[in-house]
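Accompanying notes for the structure given below.
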Amino acid sequence: MSEQKLSDNERLKAESNFLRGTIELDLKNDLTGGFTGDNFQLIRLHGMYQQDDRDIRAERAQQKLEPLHNVMLRARMPGGIITPEQWLGIDKFAHDHTMYGSIRLTTRQTFQFHGVLKPNIKMMHQTLNKYGIDSIATAGDVNRNVLCTSNPVESELHQEAYEWAKKISEHLLPKTRAYAEIWLDGEKLGPDEEPILGSTYLPRKFKTTVVIPPHNDIDVHANDLNFVAIAEDGKLVGFNVLVGGGLAMTHGNKETFPRKADDFGFIRKEDTLKFAEAVVTTQRDWGNRVNRQNAKTKYTLERVGVDAFKAEVEKRTGIKFEESRPYVFTSRGDRFGWVEGIDGKQHLTLFIENGRILDFPGKPLKTGLAEIAKIHKGDFRMTANQNLIIAGVPKKDKAKIEKIARAHGLIDDAITEQRKNSMACVALPTCPLAMAEAERFLPAFTTQIEAVMAKHGLADDHVIFRVTGCPNGCGRAMLAEIGLVGKAMDRYNFYIGGNREGTRIPRQYRENITSAEILKEIDALLGRWAKERNENEGFGDFVIRAGIVKPVVDSAKDFYAA
């Protein structure tokens, strides 16, 4: 690969002085609300994306104004656990210093601030730091926020899995002091080293999870590296290691495709960090730094072969993978309402549509959560399905917390199973990559699907339905039973045939069709499912069995097959 010209991102990282660039100078430049040159990309490795409000972009251009530049920040919260004190801190910042006033829970099991203007950026990082939160490496060519199954019931096993998620996150973090120097006025302490990530970091983004079967809420096949918890007598003994999943693709480029992760085998829990490091450094050294569209771990595995990659990981750790231990996934959705943990503590899972926490007319969700945070003695847990768990509630506080939640629209008994199993990425107006609506499209379209479900006698059932505004895959549509991927305004590619467990990639059924056309297709398909399904057969399994689409078995070979 060395004879070929490296992608420009490789130059940018190499010249960045360990991610510093000239960000500090840019912060002082008040001629533009944005970041210039390389800094536009470099801020991603500090957890931010430069965006603008696309709803008013044309209007501002007419007024000879630049786009309304702002940043989106994604916090680093391994396992998604946040204390009530931290919650009140981010609630206040979102209200006082963001354009939209909201907290957005994301599929990366963390929160995002949208619409932070340049004069507030440094203060934002300092505010987060005051509450023990940072945004290091939540974007860019690094290991991103580490996910962990939200399972408050099995409290002991979950706690240990969560501790490993935190340890993995810390171990794989960039070691540069650039973040502390720029945002927290940290001391400049001499030369930096990056023993794991290297001076040019990874070829592309890298996503890691810790998952506790039978619950696949974090969608293992969407991630580069997964540690599947294996327990004996309720105690964690180790992990099966799954490598090379990922959902992003590029419209029109058949060299890009979603891919499921491969099971490399079982490891003892004490070897977890060694294996995490070995997988990351193998991808660091073997990944494609010429073509970013083929730079992720999934493409490295396709190019060099699973066996060669696995052997290199074993060589770097000095430990052989053991044979995989058996496990099964049975579900992905969150368990809404109250559940009791084995420790007797109560846990309340709240459905937050699209993860958008804001005071809506008649549903002051943001105020309600702040009121709960003021009295709650446990913690909050963000889920990878964009919902929120009020965890560790003592029995005596249960009624009080439920009363606040109901008064603020945080509990709604009328929400259907279909709505609970529908999800979208942010898309317009803030995401610069969005080709179509997703978050703003989902609620009303889900209402239309609910009507179709009721018409066919399926009102109590559900289909895993997901929408992404572009093919990058943040909403994980490529693991849905019905997935829509944006192509243009009100036009989507329409995929069917994933399964409820999240272990099969769907296939394209129709290309570039409108939402009205999609609804007609869904009506016909759900009608057949209602009449012809086997007992308890999910929609995705039905469309495969009925021959409506062929299953995607090996996506590198058959994802684009007719």
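A Cβ is built for glycine as well, from the same backbone N, Cα and C atoms used for every other residue.
Straight from Swiss-Prot, the features:
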- C425, C431, C470, C474: [4Fe-4S] cluster binding site (BINDING)
- C474: siroheme binding site (BINDING)
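Recorded features from Swiss-Prot, shown on the structure.
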residue: C425; record: [4Fe-4S] cluster binding site; DSSP (3 states): coil
residue: C431; record: [4Fe-4S] cluster binding site; DSSP (3 states): coil
residue: C470; record: [4Fe-4S] cluster binding site; DSSP (3 states): coil
Cβ distance under 8 Å to C431 ([4Fe-4S] cluster binding site), same chain, sequence separation 6 or more: which residues? Q51, C425, G469, C470
Intrachain C-beta neighbours of C474 ([4Fe-4S] cluster binding site), sequence separation six or more, cut-off 8 angstroms: T106, T107, C425, V426, T468
With the [4Fe-4S] cluster site defined by C425, C431, C470, C474, which remaining residues of that chain have Cβ atoms positioned within 8 Å of the Cβ centroid? V426, A427, L433, A434, A438, T468, G469, N472, G473, G475
Check the binding-site residues C425, C470 for other C-beta atoms within 10 angstroms of each C-beta and report the one with the most. C425
